[in-house]
């Protein structure tokens, strides 16, 4: 016979904290506390198995359940000495849901269940406080009618308000027993009038109703949507906890409270919480009365007068502090606790691992590791890698006043203040003149790189989390708000309007990239502190991880940043960004417009010296760390102007007829640029471009090696390979350049960013020293999904529950990941020491990094500001892999 | 010790016809003929192994080769009784290349090798004809200097012309021995003057030079390019054949000729060939003298006077006819033969399987199968499936005069005559008025479908073999010339110019889609005869094949055509083509412009009845053959006008402001439409569209079933699935519609056209009754290659030897094929009876069909005119699979 009911209380329990899947989080922790001998009101848990059975069998319960439930009630009755439904000595219970994971949208709590017109009198007698008993009854009717019977709680609030108005009362506390009697009568009448039936008087009917409501709410719409979004299978089910009531509202020696064992905001090792004397839990939440502090120290810090619990209830406080210590020692982590004091007796109602800020997570983990409570590996596992991002950027002072003018997507974290500008040229000019500027554009393109560099932050009206602006800004560590759809930019007037406000060029705004908000004026900021704890944790992470962490960077500033954050090399240096610098762009356009290989070579020769300087600068910074440099990737038309006006300006500036420029732009235009003439296809069509780039790289390497005595190593990477022959031909070209210069310390490898490259990895590995998985493009081609266009319908996909996660943010392990595994296996079958890395946006995503660890990759590469996150995520992945 | 030299002649040989890889085609067949006891001039073959060795060892020969070569010469000397280099009794040899496959670009032949100033006198004495000997010597000098020493043959031609002018001769035959002596002296002087060295007098040096030249030519540029294009590995190498000379120019009892054992044009069982008395082989080729027929019958048929071989050399003719019979019986196929008669003695110089037209291939195969020479399976293997295309379409009369005005790509076979029109509307209007029209456009788009249907043929200035025009025209069986790049169309003037000619609207042209040519005026045509032989072969093919063959078709006309060609079902009915019909396009645009689901449903409701009629028409034709109908696939913007002028016209016609239409078009525009909001993504965003289509299909099925008593079966296909959830959701939607209508005889399946779908096939198979591989899109995404854009750089790829075959024509088995195998394996692991088919362009490509057989697919689907080709290719694939 299956066990559907697990009892707890009186110093023991049938369950424990390991049984979360069966008992839910709340039930498992109540059982655990009971076993630890803590004062837990006795109760029992209906398992998640009941929920699953219920839905698998057309919404009927297991036949044995009722008997077990009766035994559970009997157990509570024995331990409390009260009887469920008895008129003289009534047992009251709470009914609470409790799934494995916290689940908004579900029925939460019913208190005081078991009260009716008769038992309320028993409670009155038992408590010696008739007013308290009637207050409890009216609370029960309100709560039960709302969450179980589906009535709106406003009905009851209105009745109570009317009663207070009639009597001329200001506060609930002024109502007498007689007043409450009248209110209760009206409550019951309202239920009858609205639902056509009486409020249930039978405590067992009440209990069954509450249990039905919890299980029923598992399938309500909000819960279903939440589960879809959070990848929670419906089959997990929820548990129901039935527990003897204890009352914090039985006078001045009663109280209720919540506490964290450490400060969840800073991580400091001191209690953080609040309590209310003579109150039930809901009163704390309702915010009608101001809660008091737990400790005297906290009261003094906050300058409050109302006594702290330490002062008001010293004995119970001492007892509570001991429980805190016991629970922290037992769970070996900071706890989030609910408690009630009933007439001087402490009862524990809940404990769970407390949520915390990144800062607190770091401090708590370090403190607990330092005092030996946990190992450094455990400490590493306690910190959410993505949360570190908060610590690396300035943030807005939470206490500062703010005047919001626009909202978009939190595309790149950090906060910044500056004057609004609308063009990249203006951004650059003003920035050079010492101004701090915020670049506001409808959207950005590669031609805006210099403006984005010059700006403190970027705001765009269009584009998603993976738009050009968002990706580039994250790479640069610039705060960015993208897709602020309500913004209407008038470039000519030099202003934007949003939500009825107009912001002009030169107006100061504050951008919060972490929340996606833009504020008028200056909002005061908090600078990041990369404190000792941070460095300590990074050191532990480096010791634990096996994956190397590199950065995607190409400007000296980004390369410096990456090195500062601990990058062990460059995983992706995008050479095309260099061509967008004004002086080279002109030569590059000259090259594009050239009619012959000779004139292309002439134009490229003008770019060679600056490209060589670019690479030399990178080698100087990175010393002997490896640098993977990708040869030209985007289609040539990206380098030409698009609008007629731009074409005319550019034509004039480079001295060709506008008609000719337009003809070439039209000739190069593509239906699907993503799948067009780009990557190594350019190298095949115009070998002279790749030849120039290879020469610039290898000459720079030779120069820096000689100049500094270090041993810089270029890893030249060929993009968009789909066939081994492409790589074979282009490697031969690079080898010829190297032989000509006399350099031999370099390698040639390839991006694996097309499905065919993954499938042909066995043959491609014949010519490659390394594979770098370009998961951005690999995701686009594997899904047949354009990142630029997907924004229009992905919301429909999320709504339909088809895509839980954006595959451009978190690697699609089932599809794209499968190709990576195939490529890794086939590539290494050919060449067992093939170096494997990843350089897409996913290189900075913890879940994707975990996959890279399991796939046996050698390194991940991510944007500079993601390097610390990747170091921690890689450490966690290595620890998980060992376990 | 390796054997580098294989001897033949005198009734035996060391090699045979199975040794083509080692001896080359020519060498193996010479050996085979010698073994058969046929009169083959004795000789030997230097193997392809020598060539491979030569290039593997830095261009030196195997050390043992020279001895073996001497033994070969000795063998020839023994059999001929002549001595190489002897002044009195000189042996002369020919040197010819001979690779496994015929290879243009290589050195071909040197005749009369061994002649020098002394041996020529020996030859004069031996032949009793000094003039003949000198003539042979001057021919040898010319040929050797040209092909071995690299001199231009014009030098020698000029000398000869001068000599004739000086002497006042008209013909070479007028030159006396003395004249030839003078010419020879001048030839040798020219060699010395040009090359700075004497013409080699040592026969062994001559021989080594010729051998070097053959092996050297294996790596010349033309040969390398040819090999790259034809997928011939360099490692195959070529062989060299050295053979005793025989002379067809030793007087009136000598002759030389070529023959086919059957007519290679019609396949009729009669000799086809020509010969020249007193001539060397090169004279036949040179075309100076008119060759004579072999048989009297042929002479009479051609109305010629010069006697046939049958009449002029009756004994030798009888002997030759016996050889023909022997060779055909031996090789069991029609032979292409070269022979020489030296003073009444017949010598066989070559035999090989003869090339033939499609018509001849069919007739020969049928005749030989019918008389028991070969099996029906062998007969099937003898016919090139693609060649059948010639038999299915009208062709131009080869004898008709023609006046070419434009040349493009042979995009869709067949010939047609009509008046030039420049718009699809005009094509439709004129066609309805009874005119035959040729639609000429810069390029076509889906909006031109009605015009393409109305036209006899389509000509486009832009676009490749897989452009919209080409693909659609092939599907319709319309002749098409695409990418005729020299055509300049002036739509306003209603004319096009090409190669200096102007063709106006209404001018008559003839289009030959098989050659890609357009002619002014009418060129007379030959209608196809799907004769008894054709039907017979198709019957044999159907018996042999295991793959089913379906057609891609949606119009009743195409469906009828497909059925007529033997399609066993519809493999791909593209429903979007139906929306381009004028009446529906308006409603469909109304749907696209609608702001709410309700107004979209209203617009769709107007399309439902016509869609239902469309499907009913198809079901009526196909009876109970299965019909796979794909729900809407292209992005919605394809249905909106693009240019401003079109937008205004359309806006006026459907009664919405142009601004609104333009805004919607802009909103829907995509950066990469191929990877955008299309396929099942539309079904997820706008379920009402798929719901309407499912209803139209299933209601039509129910109506036709009731009306005809047949049992039509709809296979509803969901395009562009990348995740199992998409299919699960859309299948549920279709099932709900079916339940509502009360239809249960249908299945739901999916296209596998994205790499992720192939990888996730195991889970997708949970919801699919069938997979249809959409290899067009699967190729695009696997390669990351847009079919619309690839044309710009694929020529560079072909030049670089990266892509041998267009992956949009012949399935890329290494990459795309690998995904198909993965999907088939994973899908069938979930559901062992999963039906698998292919519906891309590749479904009609024989090499791809062979792959489908090996991959275990159930059917292929191709355009209607490809159905017979696919039936034969499938039969060949099945036969190969058995072997």
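Numbering starts at 1 and runs along the chain as displayed.
Yeah, the Cβs are placed from backbone N, Cα and C, and that goes for glycine too.
Pulled from TrEMBL, these are the features on record:
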type	residues	note
DOMAIN	B:21-59	domain 'Pyruvate phosphate dikinase AMP/ATP-binding'
DOMAIN	B:64-299	domain 'Pyruvate phosphate dikinase AMP/ATP-binding'
DOMAIN	B:318-368	domain 'Pyruvate phosphate dikinase AMP/ATP-binding'
DOMAIN	B:436-516	domain 'PEP-utilising enzyme mobile'
DOMAIN	B:537-877	domain 'PEP-utilising enzyme C-terminal'
Practice item. Output the single range from B:318-368, B:436-516, B:537-877 maximising the number of Cβ pairs under 8 Å to the domain 'Pyruvate phosphate dikinase AMP/ATP-binding' (B:64-299). Key: B:318-368
Check your understanding: Tally of helix, strand and coil residues over the domain 'PEP-utilising enzyme mobile' (B:436-516) according to DSSP?
Key -> 18 helix, 28 strand, 35 coil
Point to revise | Same-chain residues near the domain 'Pyruvate phosphate dikinase AMP/ATP-binding' (B:21-59), Cβ under 8 Å, at least 6 residues beyond its ends | key: 2-15, 65, 69, 72-73, 75-76, 79-80, 93-94, 96-102, 211, 215, 218-219, 234-246, 323, 326-327, 330, 345-352
**Study point:** Average pLDDT across the domain 'PEP-utilising enzyme mobile' (B:436-516), rounded to a whole number
**Key:** 88
Study note, to complete from the structure: Checked against DSSP, the composition of the domain 'Pyruvate phosphate dikinase AMP/ATP-binding' (B:21-59) is 24 helix, 4 strand, 11 coil
Review point. Would you list the DSSP helix, strand and coil counts for the residues of the domain 'Pyruvate phosphate dikinase AMP/ATP-binding' (B:318-368)?
Key: 25 helix, 17 strand, 9 coil
